[in-house]
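For reference, the structure discussed in these notes is given below.
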Amino acid sequence: MASWVVSECSLRPFTAVKIHHKPRPSLPSNTINAFKFKPLPCSAFKVPTLWSKGRNLGGLGLLNVSAPLKVTITSEEDKGKEESTTDGVNNGEFDPGAAPPFKLSDIKAAIPKHCWVKDPWRSMSYVVRDVVVVFGLAAVAAYFNNWFVWPLYWIAQGTMFWALFVLGHDCVAGHLLHSSILVPYHGWRISHRTHHQNHGHIENDESWHPLSEKIYKSLDNATRLLRFTLPFPMLAYPIYLWSRSPGKKGSHFHPDSDLFVPNERKDIITSTACWTAMVGLLAYLSFAMGPMPLLKLYGIPYAIFVMWLDLVTYLHHHGHDEKLPWYRGKEWSYLRGGLTTLDRDYGWINNIHHDIGTHVIHHLFPQIPHYHLIEATEAAKPVLGKYYREPKKSGPLPFYLLGILIKSMRKDHYVSDIGDVVYYQTDPQLYGTNKSD
């Protein structure tokens, strides 16, 4: 029988994700898997909603596209099987790789019911706000047209492009918003769903997952160096859309890619067509207004947007002071994988990019709208305990994140090919000298 999940925008069939378990050589053969999830009918997990599939607002298709993973909570009789009841303490020290003493349902129960409710008009207000700001910034920059204004405009507009991406991420007019910043909406949506369904899994995660030692050593020296030398990793997103990560094949633009199943083919063709139309519009504008004005108005802000996207997505899964685990095989579970994500504080930018820094709860429960994430996070903290890593407080602008990024790029290179709970290792020869200290 088909299993169903409640999505942010509709009720959709759940597509199983294959996880290829590897044997654990260091454990006895009678080791059991204590981490199991059972799909139930959608009545087992009810999330209030104000908008149903097929309805839209103003022709924008509001909440009419499936969001990433929606969590199915197991029945009462199976709750005790979700996770083991260890307290995460090993020899008196907290072990982030140990199974937590709480269940996914415990976290869900701690979050107020109204945090699950989506207000389509409120969601739409954020779209209107951001679009008005984007056009306003472009008008001001074009009016003054001097080299004092342009750098300020590039940073501000690139940040607003990133804000539009986050709104599309929340499934609000996603097609229009993502196409306008050269992101193929459905291709991204499906791969991002895979990321949520497999977060923290070495082989099956999709976004900034670790390279295994074998794959890492198979790369030529130039590729390895570029991957871990700034600013190149912060410009990687367009390349990822075309060819994914090392060790994986396929494209977000091709309907026959390994990323997709046959019944998603039409969606991919549609989003690729929208992306192509945007490229065509930019080509027309280049002829109409000249390539240099287009570069200043759109090209450089687009590059800033890509940097924001790569920076935020990387640091939500890397760069903690203490190394965090990655899982494979029987040690992985949806909850344990989700608990390896990190919240970040972005100062003034928090509101601009719609509180995407509250990433732990977003990963565990993607159906919670962005305007409830802060409250939901505060409510969940007592349950999460030490498994929640309080983010460092930022100044007005999050310059401190650059230091964290540089440190992580120097140290987090690959993980072992063996073991079901592994941590990043450092290649001391990557830069020609030992830079791991």
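Glycine is no exception: its Cβ is also placed from the backbone N, Cα and C atoms.
Averaged over the domain 'Fatty acid desaturase N-terminal' (1-139), the predicted model reaches a pLDDT of 59. For 1-139, the entry in TrEMBL reads domain 'Fatty acid desaturase N-terminal'.
According to TrEMBL, the domain 'Fatty acid desaturase' annotation covers 147-388.
Per TrEMBL, transmembrane segment is recorded for 126-144 (among others).
Sequence annotations record features per position, and here TrEMBL assigns transmembrane segment to 225-243 (among others).
The transmembrane segment annotation in TrEMBL covers 268-285 (among others).
When Cβ-Cβ distances below 8 Å are used as the criterion, the transmembrane segment (297-315) is approached by residues 138, 141-142, 153-155, 157-162, 165, 181-182, 207-208, 231, 233-238, 282, 285, 342, 344, 353, 356-357, 401, 404-405, 408 of the same chain, each at least six residues removed from its ends. What TrEMBL lists as transmembrane segment is 297-315 (among others).
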Task: Residues of the parent chain within Cβ reach of the transmembrane segment (225-243), under 8 Å, 6 or more residues beyond its termini - done: 182-184, 187-188, 219, 249-253, 303, 306-307, 309-311, 314, 405-406, 409-410, 413, 430-431
